[in-house]
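Novice: This is the structure I want to talk about, given as structure tokens.
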Amino acid sequence: MAKKYFGTDGVRGEVGQFPITPDFVLKLGYAAGQVLVQHDTDQKPTVLIGKDTRISGYMLEAALVAGFTAAGVNVIQTGPLPTPGVAYLTRALRLSAGVMISASHNAYSDNGIKFFAEGGVKLSDEIELEIEAKIDEEMKTQPSARLGRARRISGADDRYIEFCKSTFPTHSDLRGLKLVVDAANGAAYSVAPKVFHELGAQVVSIGDEPDGYNINEKCGATHTKTLQAAVLQNEADYGIALDGDGDRLMMVDKNGKVYDGDSLIYVIAKARAREGINIGGVVGTVMTNMAMEIALKEQGVDFCRAKVGDRYVLEQLNQRSWLIGGEASGHILCMDKHNTGDGIISALQVLAALQTLNQDLATVCADWQPYPQTMINVRIQKGQKWQEASKDVLAEVEKELEGKGRVVLRASGTEPVVRVMVEARQADWARDGAERIASAIGSL
């Protein structure tokens with residue numbers, strides 16, 4: 001059954017527009033609370049609510065609290081905390097569920113609601129459908145004796161900081177390193193600099209002055225120019241860029257070069273292989289560069305592809321019992337350290353890997369150079385049989401590129417567009433293949 005409200009990462013949209021309105025979020029909290037009560041019959045469920053720094057977080061938090069408590073669910077509020085911190089505390093405090101109020105890397109005018117089940121794992125499709133089924137039902141507040149309580153806890157930041165530090169090798173520290181940390185004026189603005197400082201690094205903080213409106217604004221993992229300039233200006237060894245909710249990572253070296261999620265995953269995997277740690281393999285996505293796949297296999301590391309989205313990477317990791325995965329966008333999963341993507345922990349794993357390899361980031365990543373890619377968006381008509389139109393040309397291009405390139409065709413889920421991506425060892429091969437396929441699709 002198709003979901004009505006939940007997307008691939010919870011419920012998200014523009015604040016003030018359905019579904020990110022206080023009345024809908026009230027119903028969402030109530031519906032989720034009802035499902036929790038049904039599944040947790042032995043005691044009154046307790047849910048943890050965290051948020052990023054968007055101005056709308058106050059409004060949406062209040063609506064969620066009202067909905068949960070009306071359903072008879074207790075609520076613990078942490079205030080601003082990264083998404084992976086909410087997942088960790090949900091698990092560490094043995095709570096029934098966790099909720100993060102954030103729209104990740106989007107502008108302040110958007111917001112969203114993301115749920116975690118018991119243990120800090122993402123909700124299953126089945127539970128999301130259960131919640132959706134109850135949203136449109138009439139709200140029936142519990143009798144006063146059964147209403148939930150809400151309270152704020154202190155020390156959530158400190159618990160999460162200690163957890164992050166515990167993922168770094170106990171025999172090592174970061175003394176001697178100068179780091180610029182860009183927290184995107186988001187959920188990690190307070191905790192991220194402290195983690196690296198307490199491990200011994202000299203830290204220069206930027207993107208650490210949220211005002212409710214400046215989250216992700218010309219800063220963070222989706223806008224690294226500010227960080228690149230700060231690294232050069234401060235003569236730092238590395239720059240660390242997080243996104244608004246703290247689950248993505250990009251890094252910058254001392255020369256101002258940016259390293260995306262694919263490069264950082266390679267560094268971590270190579271170091272684990274060097275240490276003889278069995279990670280099983282690495283899960284990327286259909287968009288992961290083929291050159292990285294080849295480089296990993298040269299290190300003796302297996303590789304497979306999932307659909308785009310950290311949710312699907314996580315599914316493959318769990319199915320295969322592998323430990324490392326992620327996307328070029330900076331979602332990196334180290335399953336032996338945390339059960340969700342975590343920008344701070346991922347950065348610590350990269351820095352630990354560089355110590356293991358006794359090399360800097362540029363040297364390790366020189367092992368492979370991304371194959372050139374050509375991407376073309378082709379507009380189509382509703383109901384157009386573009387697969388049939390491109391079948392013969394697609395087969396030709398794939399045969400020509402066998403072993404030295406690949407093709408990805410993806411229909412957009414939000415607009416009438418087919419995305420054609422061809423990558424190959426040589427840029428002209430990629431360009432020629434993409435143009436031929438795009439012409440075949442658009443010729444109808």
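Even glycines carry a Cβ here, placed using N, Cα and C.
Residues annotated as phosphoserine in Swiss-Prot, with sequence analysis given as evidence: S104. Per Swiss-Prot, the feature active site, phosphoserine intermediate maps to S104. Residues annotated as Mg(2+) binding site in Swiss-Prot: S104, D243, D245, D247.
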Novice: Do any residues at least six apart in sequence from S104 (phosphoserine), in the same chain, have a Cβ closer than 8 Å to its Cβ, and if so which, in order?
Specialist: D9, T83, G112, D243, G244, D245, D247, R248
Novice: For the Mg(2+) site given as S104, D243, D245, D247, which other residues of the same chain have their Cβ within 8 Å of the site's Cβ centre?
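Specialist: What remains near the Cβ centre is D52, P82, T83, S102, H105, G186, A187, A221, L242, G244, G246, R248, G343.
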Novice: Around the C-beta of D243 (Mg(2+) binding site), how many further C-beta atoms are within 10 angstroms, looking at every protein chain?
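Specialist: Summing over all protein chains shown, D243 (Mg(2+) binding site) has 33 other Cβ atoms within 10 Å.
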